[in-house]
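Now, the feature entries from Swiss-Prot:
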SIGNAL    1-15  signal peptide
LIPID     16  S-diacylglycerol cysteine
LIPID     16  N-palmitoyl cysteine
REGION    113-198  region 'Slt-type domain'
ACT_SITE  125  active site
DOMAIN    341-384  domain 'LysM 1'
DOMAIN    400-448  domain 'LysM 2'
């Protein structure tokens with residue numbers, strides 16, 4: 001079947017998560033590939049409108065036509081094929097989950113002139129779960145161990161793990177395999193085996209067979225049992241997906257509405273706030289941006305967020321309207337009165353959470369309000385006093401510009417941003433008659449971005 005035209009743009013799609021056992025890698029890839037880490041990253045073009053395939057395009061038809069590796073008839077492939085075919089519902093579910101990622105991954109593989117069979121490895125590795133982690137701490141859809149990730153430029157910090165970032169990890173995985181393929185003289189089966197078990201093991205197996213006068217092709221090498229199954233799994237999947245109708249496997253209909261579009265962030269922003277503006281759940285947003293480990297986007301990781309295409313315009317409009325503007329650390333002007341302010345306790349508040357939110361100490365809160373303990377009641381008023389702690393509030397505050405929208409009130413704006421109405425009035429000269437489009441300056445802490 002001839003594939004219909006597909007525009008393989010740099011657009012990611014993400015489906016639902018799955019759990020399952022993931023294989024343990026013994027990758028021992030060296031740092032030699034670091035120099036190529038950015039070679040293709042800079043070439044990754046994004047379609048900011050979320051466009052990924054031409055009308056009537058069929059992703060699986062395209063991939064099926066590109067699966068061109070020869071598949072020998074042997075017991076190892078036959079065994080893996082039978083295992084997959086005994087659970088056809090799994091094949092449907094995992095390809096549905098894989099579809100979102102496939103647009104970008106297949107595009108990168110095609111651009112690099114690599115075998116399309118490689119896009120099937122994340123099915124073998126992790127069932128396309130970006131949150132998957134093995135016992136050896138291999139992570140992401142490509143199951144990359146920490147040391148290999150570092151060798152290939154994958155940033156791993158407390159707040160961001162590029163091994164779970166689909167773009168970064170795919171770039172690294174393909175860089176690895178390109179390097180390995182050169183090492184093994186263009187033999188892709190040996191390349192895939194080395195990706196799984198490490199180049200050292202494959203080279204040692206080749207050396208052993210040469211010394212014994214045996215063949216050095218993949219099927220003849222004395223490799224670990226996992227690796228002996230790893231390559232056949234990839235080839236079994238290739239045969240099944242290429243001939244899905246013959247095998248009675250129902251592949252999901254591709255749906256471009258699941259495509260993720262990149263939305264730029266000019267500064268760090270709370271994930272809960274982005275989810276609210278985009279109209280999606282926080283859990284889905286975390287899956288779409290699995291590399292981010294904390295609750296803040298655009299801090300340690302990429303300066304953009306991936307959201308479904310159908311939500312991208314809504315998010316861009318919200319960002320542009322000033323619901324959240326670029327945040328820059330700003331000291332409150334010297335002539336701004338900071339003698340005191342009043343905070344109304346909300347349900348769920350604790351003394352420590354209020355202190356953290358406002359940049360003051362719990363001791364100061366107790367002193368200013370003559371509190372003997374830490375017990376609070378919703379609706380209770382707390383005075384935030386002057387002095388050093390008040391100045392710390394100013395020093396730890398951020399200035400944002402909020403553009404008033406239809407239906408807004410001074411009260412709703414203040415509540416949304418966790419500030420006091422009196423402060424909003426103090427920071428802005430004319431708040432008596434708010435109109436849509438009016439701009440307000442607010443001083444808030446980064447961790448006090450609106451969450452509703």
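Backbone N, Cα and C define each Cβ position, glycine as well.
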- Mean pLDDT over the region 'Slt-type domain' (113-198): what is the value? 95
- Message: Please list the DSSP helix, strand and coil residue counts for the domain 'LysM 2' (400-448).
- Response: 17 helix, 10 strand, 22 coil
- Note on the structure: Taking DSSP H, G, I as helix and E, B as strand, the domain 'LysM 1' (341-384) contains 15 helix, 8 strand, 21 coil
- Task: Name the secondary structure element type, per DSSP in three states, that contains residue 125 (active site).
- Result: helix
